[in-house]
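Q: I'd like to ask some things about the structure below.
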Amino acid sequence: MANKRSPVNIFWFRRDLRLTDNAGLYHALKQGLPVIPLFIFDTHILDKLPDKNDARVTFIHHALAEMNEELTRFSSSLCVKYGKPEEVWQELTAEFDIREVIANTDYEPYATEREDKVRKVLGKNKIPLTTYKDQVIFEKDEVVKDDGKPYTVFTPYKRKWLATLNPELHLKAYPVTKYAKNFYAHTSWELPSLKQIGFEKSDLELPGKTYRDVIEDYHRTRDFPSVEGTSRIGAHLRFGTLSIRKVTLDAWEAREKTWLNELVWRDFYAMILWHFPETATAAFRKNFDNIRWRNHEAEFEAWCEGKTGYPLVDAGMRQLNETGWMHNRIRMVTASFLAKHLLIDWRWGEAYFARRLIDYDMASNVGGWQWAAGSGNDAVPYFRVFNPQLQQERFDPEMKYIRRWVPEFHDPFKYPKPIVDHREARERVLKEFKRAFAG
Ligand SMILES: Cc1cc2nc3c(=O)[nH]c(=O)nc-3n(C[C@H](O)[C@H](O)[C@H](O)COP(=O)(O)OP(=O)(O)OC[C@H]3O[C@@H](n4cnc5c(N)ncnc54)[C@H](O)[C@@H]3O)c2cc1C
């Protein structure tokens, strides 16, 4: 073990919980000083989680345990702290002779704010904090319009993204193990249990890491919620337990490119949130802020519980509540139903998804919600109101998905009548949207 006062670098894990192909970790180890691998259970985040069996916390804990196991190969272990990051860093600067802190960039507004605070603490001790791109293929201003402004429409963004991509350069793996001998030698740090950080193990099944088997057929199967036609790797991309470079390389090398398109959407929404952080809570199209949302609490509750009387909407909400995941087609249908049929503020729905989705990602969730509500930068036109009945006929024609999640849908004694009439709801929302846009 290195002497406590001999110089070290620290690599701070956040949304990059893996030891392979990790940009920042590679650069940290390559420098030569012993590198302490650090993770902080951030109480600013944990204290706000209402469910003590939150599956995301179980997911992270599981990923940390796996990394710890792998680190024993290099006679090292994770240093895991619990608390407010700015205070934890204060303690770490007193405990170790830190020469540099290295991390991968986290683009969310809270992460940026947190980093600013930590930079101040480190700055007082003259310790630099260096960050690397790892979470996306292209970040910030790497894919922008010819005039240097950010794209706000997906299709031209995608065209430029594809034209900019050099797979040998942008998708190349970082060979972390080449310098693994530089991990700080220390095997006795303990990973706190879930209970020690105030949580319980979630009962939800955590998603697997396989995705290759869906790529070739994705364009045919992706819209049918009863088919296992999508990868379900969102949580692994969210927490970095899979490398976005490796996943994108596999998508790039496949014959069928529809799935690659989805990964570009992910970069697109991350870029939008970075350039327009205010859209996390405000409509991208400003005139949407004039809408008088009805915000009917009992109707919102019925939507959350999957009791709207629209079987496809209810199936989606029950799938979300019971598994922590919902199929993309049904995310669109349920989101549109809340914002348009019920005229409930899209932010209520966004917050509910944020609480329930294991793959919750602020950029994609806000992007998806604003798209469905019509307030987004490249959204579905405001006057297009998904008809849940027609959506069911097209995408769940044999009602397999509905039968799975709402088995009582045909029983008038057990299943509620529709909470709103489709035609009336459509007229109501169009009237309100027109009023809001005229004012
Ligand atoms: C209202 C709404 C809310 C959403 N909230 C989230 C969210 O919180 N987190 C999230 O990762 N995605 C979100 N999405 C996008 C999409 O629904 C999910 O990424 C997808 O359903 C996850 O399932 P999968 O992993 O099987 O995806 P696949 O279809 O297998 O796609 C592979 C990966 O590509 C990315 N991706 C796919 N579709 C999109 C998309 N439309 N936008 C951005 N990235 C995409 C995801 O990382 C996904 O894991 C939302 C969409 C809507 C309409």
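Glycine is no exception: its Cβ is also placed from the backbone N, Cα and C atoms.
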Q: Looking at TrEMBL, which one out of Tyr211, Tyr218, Tyr310 binds FAD in the same site as Trp259, Glu262, Leu263, Val264, Trp265, Arg266, Asp267, Phe268, Tyr269, Asp359, Tyr360, Asp361?
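A: Among Tyr211, Tyr218, Tyr310, only Tyr218 appears alongside Trp259, Glu262, Leu263, Val264, Trp265, Arg266, Asp267, Phe268, Tyr269, Asp359, Tyr360, Asp361 as FAD-binding in TrEMBL.
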Q: Select, from Glu262, Arg266, Phe268, Asp361, Trp369, each of the recorded positions with a Cβ positioned under 6 A from at least one atom of ligand 1; if none does, say none.
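A: If the test is a Cβ under 6 Å from any atom of ligand 1, the answer is Glu262, Arg266, Asp361, Trp369.
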Q: Which residue counts does DSSP yield for the domain 'Photolyase/cryptochrome alpha/beta' (7-137) in the helix, strand and coil classes, in that order?
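A: Going through the domain 'Photolyase/cryptochrome alpha/beta' (7-137) residue by residue, I get 59 helix, 32 strand, 40 coil.
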Q: Could you tell me the mean pLDDT over the domain 'Photolyase/cryptochrome alpha/beta' (7-137), as a whole number?
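A: The average pLDDT of the model in the domain 'Photolyase/cryptochrome alpha/beta' (7-137) works out to 97.
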Q: Here are the recorded sites: Trp293, Trp346. Which has the lowest count of other Cβ atoms within 10 Å?
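A: Counting other Cβ atoms within 10 Å of each of the recorded sites Trp293, Trp346, the minimum falls on Trp293.
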Q: Taking only the recorded sites Trp293, Trp346, Trp369, which one has a CA atom nearest to the CA atom of Tyr218 (FAD binding site)?
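A: Out of the listed candidates, the nearest Cα belongs to Trp369.
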Q: State which of the following binding-site residues has the fewest other Cβ atoms within 10 Å around its Cβ: Glu262, Asp359.
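A: Per-residue Cβ counts within 10 Å for the binding-site residues Glu262, Asp359 bottom out at Glu262.
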Q: How long is the line from the C-alpha of Trp369 (site 'Electron transfer via tryptophanyl radical') to the C-alpha of Trp346 (site 'Electron transfer via tryptophanyl radical'), rounded to the nearest angstrom?
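A: Checking the Cα atoms of Trp369 (site 'Electron transfer via tryptophanyl radical') and Trp346 (site 'Electron transfer via tryptophanyl radical') gives a distance of 6 Å.
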